[in-house]
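Participant: Okay, so TrEMBL annotates it like this:
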| type | residues | note |
| --- | --- | --- |
| DOMAIN | 1-356 | domain 'Major facilitator superfamily (MFS) profile' |
| TRANSMEM | 26-44 | transmembrane segment |
| TRANSMEM | 80-100 | transmembrane segment |
| TRANSMEM | 120-142 | transmembrane segment |
| TRANSMEM | 149-170 | transmembrane segment |
| TRANSMEM | 211-233 | transmembrane segment |
| TRANSMEM | 245-268 | transmembrane segment |
| TRANSMEM | 280-298 | transmembrane segment |
| TRANSMEM | 304-325 | transmembrane segment |
| TRANSMEM | 337-355 | transmembrane segment |
Amino acid sequence: MAWPWFGPISNDMSAEFGISLDQVNWLGNIVALVYLPSAVLIPAVVSRYGLRRCCDIGVIALLLAAWIRYAGTSKALSSNAAYALLIVGQFFAAIAQPIYQVLGPKYSETWFDLNSRTTATMLVAISNPVGGAVGQLLSPLVGDTRQSILVLAIITSAAIPFVLLIGAAPPTPPTFSGSKKSPPLLAMIRAMIGIEVSPEQHMTGRERTDFAILVLVFGVIVAGTNAFAILTGQYMEPYGYSEDISGLMGACLLLAGIVAAIATAPLFDRVFTHHLAITAKIVVPIIGAAWLSLIWAVKPHDTGGLFVIMAIIGICGISVLPVSLELGCELTRNADGSSAILWFAGNLFAVMFILG
C-alpha cells in the first residue's frame, strides 16, 4: 500500500507539505530503488534464517515505516523536516515489500503440492495489487493528506499480527523440490550467463533465452502498472479528472486484475498446467495494445472508455503475474532466486518509467 498511496493525492501532498511534485514522486521512487538491493539479498537471508525469520524482519520494517511516516505529518515541522521523515518511512517500507513478494514462489514450493502451487503463488503475487487497490481507493477518501497518512499507519499496524500465522516449513514436504534448499542466487546467475555449474543447476541455451525474455516482459508489465499507480493523478487531472476519479481508475485496474487472477489460477493448477507459456504469448500482446490505446483515450469526457481500458490491462496484466513466476521456477529450478530476479526487473523498469 505504501508505494501507490500518494499517487492519487500527489497534488494535495505538494500543496499541503510545501514540496514539489517531483518530491512527491520520490516517495514512490525510493521504494523501487531500495527494493533493488533488498530483492537480491533476500534469497541469501531466507537460506540462512528461514521463511519465518525473514517475514519477522519485514514486519519490523513495516511498523517502523508506518509511524515514522506519521511523525512527518506534525505541523510543527518545517517542510524539509517533514519530507525527510516521509522519505525515511518509505525507506523502511521498501525493505519490507520485497520480502513478501520475492518469497511467494518459495513459500508455495515449501508448503503446497503441484495441484495448488500456482494458486498459492497467485495469492501472494496479488497481495501487492490488493494493497495498491486499497491505497488508490482510500488515500483520497479519508480526509486531508495528514489524516490519510494516519489511516495508512493504522491499517499497517492492524495487519502486522498476522505474521504469527506463518510457519517455517511443514512437517512433511509436499514435493521433492519442496524438501530441497534452493541453490544460491549467484549459482543461478552463473547458469544464466552460461558458466558451468553443477548438473542440477545447469540451464540450456533455450532455457536461458526464455528466462531472459520472461524477465523483460515481466519487468515491463509490473513497471507499467506501478508507474501508472504513482502518476495517476498527474496523468489524469490535466484532462479534467478529479483525484477521486483518478484513484478509482487505478483501483479499477488492480481490482479487475485481482478478480481475474483468483478465477484463473485454479485453472492453471488443474486444467492448463502445461499451457502457462502459451497463455503468456496470448495475453502479453493484449496488454501492450491496451497500454498503447491510452495515447488516444486519455482526453476529456472519456471516463467510460478509460475504465474499460483499465479493466483490460488489469485482467490481463495481473493474472499473468503468477504464471510468469511459476515459469521462472520451472526454467531455473530456483524458486526464490528466479522470483528475486523477476521482481528486481519490475522495480528497475518502474524507476526508469517514472523518471523518464
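Glycine residues also receive a Cβ, built from the backbone N, Cα and C atoms like all the rest.
Remember, predicted model here, so these are calculated numbers, not experimental data.
Map the listed features onto the structure and describe their local environment.
Facilitator: When Cβ-Cβ distances below 8 Å are used as the criterion, the transmembrane segment (80-100) is approached by residues 2-3, 17, 19, 23, 26-28, 30-35, 38-39, 42, 54-55, 57-59, 61-62, 64-74, 124, 127-128, 149, 340, 343, 347 of the same chain, each at least six residues removed from its ends.
Residues 1-2, 5, 50-53, 55-56, 58-59, 62-63, 65-67, 69-70, 72-73, 86, 110-111, 134-135, 138-139, 142-143 of the same chain, all 6+ positions outside the transmembrane segment (149-170), place their C-beta atoms under 8 angstroms from a C-beta of that stretch.
Here the transmembrane segment (245-268) has long-range neighbours at 4, 7-8, 118-119, 121-123, 125-126, 129-130, 132-133, 136-137, 139-141, 225, 228-229, 232-233, 235-237, 275-276, 279, 303, 306-307, 310-319, 321-323, 326, meaning same-chain residues at least 6 beyond its ends whose C-beta is under 8 angstroms from one of its own.
Panel annotation: around the transmembrane segment (280-298), residues 214, 217, 221, 224, 235-236, 239, 305-306, 309, 312-313, 316-317, 319-320, 323-324, 327 of the same chain, lying at least six beyond its termini, place a Cβ under 8 Å from a Cβ of the stretch.
Cβ atoms under 8 Å from those of the transmembrane segment (337-355) belong to residues 25, 28-29, 31-33, 35-36, 39-40, 42-43, 98, 101-106, 182-185, 188, 211, 214-216, 218-224, 226-227, 230-231, 324-325, 328-329, 331 of the same chain, restricted to positions at least 6 beyond its ends.
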Participant: Against which stretches of its own chain does the transmembrane segment (211-233) lie, if we need a Cβ under 8 Å and a gap of at least six residues from its ends?
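Facilitator: Result: 3-4, 6-11, 25, 28, 32, 129, 132, 135-136, 192, 203, 243, 246-247, 249-250, 253-254, 280, 284, 287, 291, 313, 317-318, 320-321, 324, 327-328, 331-332, 338, 341-343, 345-350, 352-354.
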Participant: Please work out the mean pLDDT for the residues of the domain 'Major facilitator superfamily (MFS) profile' (1-356).
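Facilitator: Averaging the confidence scores along the domain 'Major facilitator superfamily (MFS) profile' (1-356) gives 82.
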Participant: Would you kindly list the residues that approach the transmembrane segment (120-142) from elsewhere in its chain, counting only those six or more residues past its ends and only Cβ-Cβ distances under 8 Å?
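Facilitator: Residues packing against the transmembrane segment (120-142) from afar: 1-9, 12, 97, 100-101, 103-105, 107-108, 111-112, 148, 151-152, 155, 225-226, 229, 232, 243-244, 246-248, 250-251, 254-255, 257-258, 261-262, 265, 314, 318, 321-322, 325-326.
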